[in-house]
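Report on one structure; see the data block that follows.
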Number of protein chains: 2
Amino acid sequence: MDDIPPPPPLIDDLVEKNKDVHEKLLKNSETASSQYGVNIFIVGLFLMFAVYLKIMGLTESDRLMFLVILMLIQVVWMIFYICVSDRKKWAPTEKDGHAGARWLRCGIVLFAITTLVMHALKLGYFVGYSECIPIIEGIYPVTHIVHTFFQVYFLWCHSKDVIKSFKTLERFGLIHSVFTNLLLWASAVATESDHQLEEHMERLKSLGFTNLTLTYPTDIAHLECNCSTNLCKDFKKGIYYIYPFYIEYQILASAMLYVLWKNIGNKTSHLHHKNKLNFDGVYVGCFLGLIVMAATIGIVAIYLLNIGRSKTNSEAALSIYYFYSITVLGLMSIGSLLGLVIYKTEKTSVFKEKSPAVKLDAELLVGSSIGSWIISWGSILAIIFAEHHPTYTWYNLPYSILVIVEKYIQNLFIIAYINHTPQNNLKASHIEIPIETGQVSVPAESTDFTTSKGIEVQQQASMQNQQSKKDKTHRPPADRKNNNRKLVLKNLTVLLFLCNLSLWIPPAFGCRPQYDNGLEATVFGIMPWIVLIDVALPFSIFYRMHSTYSLFDVFCKI
Amino acid sequence: MDDIPPPPPLIDDLVEKNKDVHEKLLKNSETASSQYGVNIFIVGLFLMFAVYLKIMGLTESDRLMFLVILMLIQVVWMIFYICVSDRKKWAPTEKDGHAGARWLRCGIVLFAITTLVMHALKLGYFVGYSECIPIIEGIYPVTHIVHTFFQVYFLWCHSKDVIKSFKTLERFGLIHSVFTNLLLWASAVATESDHQLEEHMERLKSLGFTNLTLTYPTDIAHLECNCSTNLCKDFKKGIYYIYPFYIEYQILASAMLYVLWKNIGNKTSHLHHKNKLNFDGVYVGCFLGLIVMAATIGIVAIYLLNIGRSKTNSEAALSIYYFYSITVLGLMSIGSLLGLVIYKTEKTSVFKEKSPAVKLDAELLVGSSIGSWIISWGSILAIIFAEHHPTYTWYNLPYSILVIVEKYIQNLFIIAYINHTPQNNLKASHIEIPIETGQVSVPAESTDFTTSKGIEVQQQASMQNQQSKKDKTHRPPADRKNNNRKLVLKNLTVLLFLCNLSLWIPPAFGCRPQYDNGLEATVFGIMPWIVLIDVALPFSIFYRMHSTYSLFDVFCKI
């Protein structure tokens, strides 16, 4: 019975022990590093709020100093990591195919360029006012430029790395980088909200909400000073146009670094799926999507030109914006629903992805949706309980409901498909062909004679070869059905991709009806509502960008 | 070569497809239900804040109505689930051994009893004022009592269930339950903070911070009314003493329901580890821990009797509290560090747990630590930047630093050991004995003769038998060393267990130096600091309770 002796327990056990000691130290450094990161983040946020609320005598310089120190630590760590991994080039490094896809890396390079431009402008602004603003406002953009260069190089070359050997330093360095980027993101969001608020106060006046205006402190220090280059105002204007891109850059970099951190010591290695982009037959989706995008740009222009001019102009701008949004969101909801129905009826198998990158994608989608869900529920409750209802506020109700519904369905659609791998799709179509032509190997036929097996394999290969030739001229119905399904899905994905990209534009460039319509601010009070919008809207904007990425991923996988 | 034919592709594939379709629907309903839950939670929080900030004309009654509806939906779902699973009793249901441990279920029953008492008191209060307060304030406690009964029964009988069959209704029901309990928790926390604030305003006056008092609206409606039973005031007082337990009940119930939700469709089945509680030799830990506990109760009494009496009394109370806390936290830090050192030097293997219950435990520990980290960093910054430093505020600095450090180390210690299974421990000690007596089976010896193998096994068995008899009289040094190590760990765990339980008492029963010392409130402004404490302190209190549970778990596993 037991003719094979059991493996010697001692050696086996020692190997196992060694592995386990390794694993247990790994688990330990994971907790330790995440706790370190959280504490850095808390201190950074405290400093930010202290400066923002002007307490504790802290100034903007202190906060910038803190960020500069964090960035420099990260740069030193990145240089160390790059040097060490360059020295170990002979060793086969494991890669996670899901992390750091090429288009993601290209995206971060593009955003990084805008970041560099922004900090160059900041430097120009500093030069103009160099006499009266502290030196740190010049050091900060320089450090940021250096930081951006190193970070982009690091993410470009190493974003797929799966760090296998036990490296506490790597864990701490990565989590430090994640939270440094998150702090830079939070700081950018706060500055941007501040700036938006100034504009919106003007707009609210035009709608007759004079009681809602806040006395807003402008930076008086700079007003007393003369700009030596005469370009300072233009620089400042330029900076604010780039902010939306800068915000996206920070959040993207954080996400990529987080995936790297999560991948440390990961056991499941993932194959790299080379997905060829194929735009055949997606004309309908492209066409509709481009119409939506063109309309969006038009609407944003109309909105920005009319809002805050006069009561009639402002009301018209809001009404047009709501009508447009209701149409687009309705279209997207129907599209996502259709995609979901196709998914449910599809009989192809699904492979559950276990990469942290895929898991994070899904969590970020649902997590960032919460931002706009909060705003929308606020709007709905405000409309229900408001005392006065100007006409345009009624359009706010279907709009807010559709925002909730659209994100709900779209998330289901995207998450369903990013858990999908193309291999299964291919396998499924390969198997369906023999069924159609009757070439199924039944269990009884394939018993234990080896030579006929070899012949069978040859036969199958040649048949399949013929089959694939035949396919190009005359496809069997099941295959054709499958292809039609794919084509519909691809069109839907392209449409959703362009719609999400379009919907990113209005809030990122200053169309914020949640501020401008004045209804919610009247019901909730101006300060609570502003705080809520300032916290929730960045997530809502991030959602649109992130869903665009995810939909690109879905498109590649279909 | 390939004499075994490949399995027939069609049937295998169909089975796989079926499994995959199942899995893909599962994934879908996971996202869908979590999105539903988040939206319910947002609406509930909005109602809570609207009532709290007295906006939109919403009253307490509307909010209670909403909670009553949520609770009733949950009760209906639980009845449905209990009935269905009772009918299926013949089927072998899979259980997760990590979820719903017996002591956890006992804990929830104890807390549930306090909840029942509290709602009975609320009902009594309602009866007293029934003429002038709305009927919903009577319906609410009744519903809550019914809800508590069903929920405790449900958690007692079903908290280990691993729901295997695809059940969208189960997912939605469970997530509805999770968020209902979270809303009840948030509501309890808000009421408790409200009540604490009233008391602290009085205390701040005694310390000379007269400029910090807020005009606080007391419930005037009840004042105009006469209590028909003459017991209303006592009822109200009693209710506030029970609140800390009620808050713990809600958060515990949420956590257990969340684990159930996470376990739906889980594949890895876990054995139930029957851990016998063995208190042999933990006298030192028990003794020290009980001293700490007695001291805590004494300090809480001193604090509550002195704070707010006069400036001298208040300052003395604060100083004593800080000294006591610094001592206890220092002791705990050293204890955790020692435990961690033992863990790192130990050579026993570790088994990485994959149960959602264990993962959630670790995440809750780190997550709830964030609450007190935020408060402590706030205190540290306030001390650094404050203009005036009364003597007692200096004690706040080491105290705050120790709060951060202690949680950091203790989390590492607990998380290290809850990822440990006792089986490995047992195995390791079994293997070490033969090494000592030289009985190692080397690879060369154990080749392919079967009969000698059988003899060897018999020999080994008899040797081991003798060995275990010998062990009881004379243990080999390695085993003894291992036992000593275990004994030290057990003592440490018991000490930490009792210390954490002790530290839960002061904040839960009204010792809140973060409010009472007035330093942070002066630096940050009273409103921002109160909001921060109100949000962060519940997590800090929850941390102490949760670490107690986790340490109990660790004790059982050692």
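Each Cβ is built from the backbone N, Cα and C atoms, and glycine gets one as well.
Listed features, source TrEMBL:
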TRANSMEM  B:36-58  transmembrane segment
TRANSMEM  B:64-84  transmembrane segment
TRANSMEM  B:104-127  transmembrane segment
TRANSMEM  B:139-157  transmembrane segment
TRANSMEM  B:169-188  transmembrane segment
TRANSMEM  B:240-261  transmembrane segment
TRANSMEM  B:282-305  transmembrane segment
TRANSMEM  B:320-343  transmembrane segment
TRANSMEM  B:364-385  transmembrane segment
TRANSMEM  B:397-418  transmembrane segment
REGION    B:460-482  region 'Disordered'
COMPBIAS  B:468-482  compositional bias 'Basic and acidic residues'
TRANSMEM  B:487-509  transmembrane segment
TRANSMEM  B:521-543  transmembrane segment
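Long-range neighbours of the transmembrane segment (B:64-84) within the same chain, counting only residues 6 or more positions beyond its ends whose Cβ lies under 8 Å from a Cβ of the stretch, are 40, 43-44, 47, 136-137, 139-140, 143-144, 146-147, 150-151, 153-154, 157-158, 169-170, 173, 176-177, 180, 183-184, 187. Same-chain residues lying 6 or more positions outside the transmembrane segment (B:169-188) and placing a CB less than 8 Å from one of its CB atoms are 29-30, 32-34, 36-38, 40-41, 44-45, 48, 63, 67, 70-71, 73-74, 77-78, 80-81, 144, 151, 163, 243, 246-247, 250-251, 253-254, 257-258, 260-261, 264. Counted as Cβ pairs under 8 Å, contacts with the transmembrane segment (B:521-543) are highest for B:364-385 among B:36-58, B:240-261, B:320-343, B:364-385, B:487-509. For the transmembrane segment (B:139-157), the neighbouring stretch richest in Cβ pairs under 8 Å, chosen from B:36-58, B:240-261, B:487-509, is B:240-261. Only sequence-distant pairs (6 or more apart) were considered; of these, at least three Cβ pairs between the transmembrane segment (B:320-343) and the transmembrane segment (B:487-509) are under 8 A, so the stretches are in contact. Nonlocal intrachain contacts for the transmembrane segment (B:487-509), taken as residues 6+ away from its ends with a CB within less than 8 angstroms of a stretch CB, comprise 241, 244, 281-282, 284-286, 288-290, 292-293, 295-297, 299-300, 303-304, 321, 325, 328, 331-332, 335-336, 338-339, 342, 410, 413, 537, 540-541, 544-545, 547-548, 551-552, 554-555, 558. Long-range neighbours of the transmembrane segment (B:36-58) within the same chain, counting only residues 6 or more positions beyond its ends whose Cβ lies under 8 Å from a Cβ of the stretch, are 66-67, 70, 172, 175-176, 178-180, 182-183, 186-187, 190.
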